[in-house]
Protein chains: 2
Amino acid sequence: MILSPGDTIGILGGGQLGRMMAMAAARLGLDCHIYAPDAASPAFSVARHHTVGAYDDAAALAAFAASVKVITYEFENVPVASVEGLSTLVRPAPPALAVAQDRLAEKAFLADCGLPVARHRAVDSAADIADAIAELGAPAILKTRRMGYDGKGQARLTADTDPAAAFDAIGAAPAILEEMIPFTAETSTVLARAADDRTVAYDAPANHHADGILRRSVLPGPLDPTTEAAAAEMVAAVAARLDYVGVLAIEWFVSADPARPLIANEMAPRVHNTGHWTEDGAITSQFENHIRAVAGWPLGATTRLVDITMQNLIGADADDWARHLENPAARLHLYGKGAHRPGRKMGHVNFVGRPVDSSAKG
Amino acid sequence: MILSPGDTIGILGGGQLGRMMAMAAARLGLDCHIYAPDAASPAFSVARHHTVGAYDDAAALAAFAASVKVITYEFENVPVASVEGLSTLVRPAPPALAVAQDRLAEKAFLADCGLPVARHRAVDSAADIADAIAELGAPAILKTRRMGYDGKGQARLTADTDPAAAFDAIGAAPAILEEMIPFTAETSTVLARAADDRTVAYDAPANHHADGILRRSVLPGPLDPTTEAAAAEMVAAVAARLDYVGVLAIEWFVSADPARPLIANEMAPRVHNTGHWTEDGAITSQFENHIRAVAGWPLGATTRLVDITMQNLIGADADDWARHLENPAARLHLYGKGAHRPGRKMGHVNFVGRPVDSSAKG
């Protein structure tokens with residue numbers, strides 16, 4: 001499936017990722033139709049068409065699918081059954097979604113692709129938690145298997161934690177317990193894979209989280225060129241196994257242990273917050289490359305042009321917009337969300353630094 | 001008037017300039033309401049609100065004005081009376097529109113601001129044309145006073161031209177005859193002026209026209225730094241006289257005559273085709289700076305980052321989109337117009353070259 005300018009891409013999900021995808025599509029002469037349950041979805045404001053509908057409304061989804069040439073998503077928690085039932089081509093294909101929706105399945109899949117992952121155990125009860133801590137040691141991280149993002153559904157357990165209270169705190173839902181990785185840095189590989197199987201990867205930033213939410217991505221990042229290339233190869237292998245079309249991100253722990261310098265933490269079958277720097281720091285943004293891939297078009301160059309720091313504007317951070325406008329190095333991105341509340345991603349700022357000396361690159 | 005994120009800007013005109021302005025606004029968290037007579041206006045696809053209405057429909061314009069915080073325009077041929085009748089603040093203010101709509105008034109105004117302009121005479125009849133040619137010499141350029149753009153309403157007259165036929169060819173409308181300037185290059189100053197009177201100017205490209213339509217803008221351009229700064233000062237003077245808020249462009253002939261190295265050719269009270277390179281070559285694009293100005297916000301840096309060539313995709317040029325996607329240095333912009341026809345601007349490509357050596361700049 002190769003689209004032509006003027007064709008329409010369907011996007012499931014109407015948040016900031018869908019919004020930035022729709023803007024990238026518009027620049028390339030492609031229209032978007034956004035499907036999302038919330039009538040105040042930020043992506044609606046920049047797309048030619050939108051539908052307010054629930055992700056399990058089969059009739060509304062069918063009408064949406066009939067109106068577009070190809071469908072993609074900005075949100076990995078769209079029900080797999082809804083996506084599988086669509087009559088229109090979905091890129092990336094539903095198996096990527098299924099894998100990413102279950103932390104246990106995801107870890108097994110990544111390990112099977114040859115990626116190092118944290119030791120972990122499935123836990124379905126307080127008793128399982130006690131057994132898993134005995135096996136993996138403490139501290140350890142308890143995470144719900146499904147519907148987690150931005151640190152939601154996670155808890156750090158110590159040897160003193162009451163397993164029953166911990167299990168209740170995450171909603172007594174199916175979960176996994178992971179060993180605590182003593183990482184020296186966090187990074188991520190954002191890779192795009194085209195319908196013709198070619199891949200391109202962006203430079204891997206140093207990612208800084210607080211309270212489970214990404215705060216900053218800093219380029220250049222923490223990896224030496226050999227390790228960075230190895231990370232990109234592993235993500236390309238994952239993408240190939242899924243016959244993936246679009247942008248795929250894997251977050252890594254960088255470990256001091258030379259036996260496993262990189263440990264895969266999470267996979268996101270979509271454009272990723274740690275790739276937002278690409279809008280102002282790379283020749284082609286992650287959003288444009290996702291749209292190019294979904295359209296069946298060739299990918300654009302991912303060359304990084306400048307040193308750059310992406311900073312998320314979370315909750316009341318967005319009140320600083322006027323200060324960022326005064327900074328000549330700051331590129332402000334606001335998502336058009338109405339009220340801010342704690343933890344809500346309202347926008348981001350890319351602080352553009354020195355040009356990359358291309359003559360010095362390998 | 002200072003807008004806040006979430007506020008709505010009204011834009012009169014729904015073409016590619018309005019489209020790119022709306023995308024710049026969205027990135028900054030501002031909504032747009034586009035008002036245009038054509039239901040297939042390209043800007044509608046990327047704006048939160050739109051109204052299909054005639055530029056002289058007072059009721060529709062009043063409803064539009066009531067829905068927005070401030071109004072701007074992408075098109076200088078909006079009737080001045082319509083704009084003057086609006087109850088909402090218009091930026092740039094209507095006098096800029098009035099001046100730009102009449103070539104004779106524009107030349108008088110620019111000359112009064114101290115800008116060199118071509119010698120010219122008003123002509124309202126075939127007899128006037130003969131008199132003007134006798135005075136200015138031949139060849140000379142006949143231009144309608146109103147509603148001209150992209151070379152429309154213009155004709156090159158020689159000593160052999162029949163004045164009556166020439167006058168009929170431009171519709172026997174009020175016109176001016178201009179001396180032919182033996183220019184060595186064409187350039188333009190694209191300047192933004194904020195509500196606090198501060199101005200920023202972009203580097204001046206070498207502009208290449210064919211058949212009256214801009215084909216390419218090439219940076220670095222033809223001016224030495226002193227002349228380029230003088231040009232920007234002249235445009236700042238024009239903007240100050242109009243108490244202008246927004247982006248203002250003046251096109252210049254570069255002359256070999258040392259007595260008048262720059263001759264002002266045309267003024268555009270809006271973002272300008274010769275500024276499209278700024279989307280991929282400057283820290284802040286002309287579209288973002290126009291929106292910042294209209295919003296009452298501070299302007300962004302205009303620093304040029306790379307050598308760059310903007311090429312318009314006119315008519316069937318747009319069929320080359322797939323070839324441009326294969327070029328890693330090409331940044332493709334398509335306007336979402338349906339069918340192409342000769343002379344229609346369908347998109348543009350920015351060819352990104354070498355980084356500007358900022359240490360070498362004055």
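Cβ atoms are placed via backbone N, Cα and C, with glycine included.
Note that TrEMBL annotation is computational and uncurated.
Residues or ranges marked as ATP binding site by TrEMBL: B:Arg103, B:Lys143, B:148-154, B:178-181, B:Glu186, B:His209, B:265-266. The domain 'ATP-grasp' annotation in TrEMBL covers B:107-295.
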Position of peak Cβ density within 10 Å, selected from the binding-site residues B:Arg103, B:Asn265:
B:Arg103
I want to verify one value. Collapsing DSSP to three states, which class is B:Arg103 (ATP binding site)?
helix
Assigned element (helix, strand, coil) containing B:Glu178 (ATP binding site), judged by DSSP:
strand
Along the domain 'ATP-grasp' (B:107-295), what average pLDDT does this model show?
94
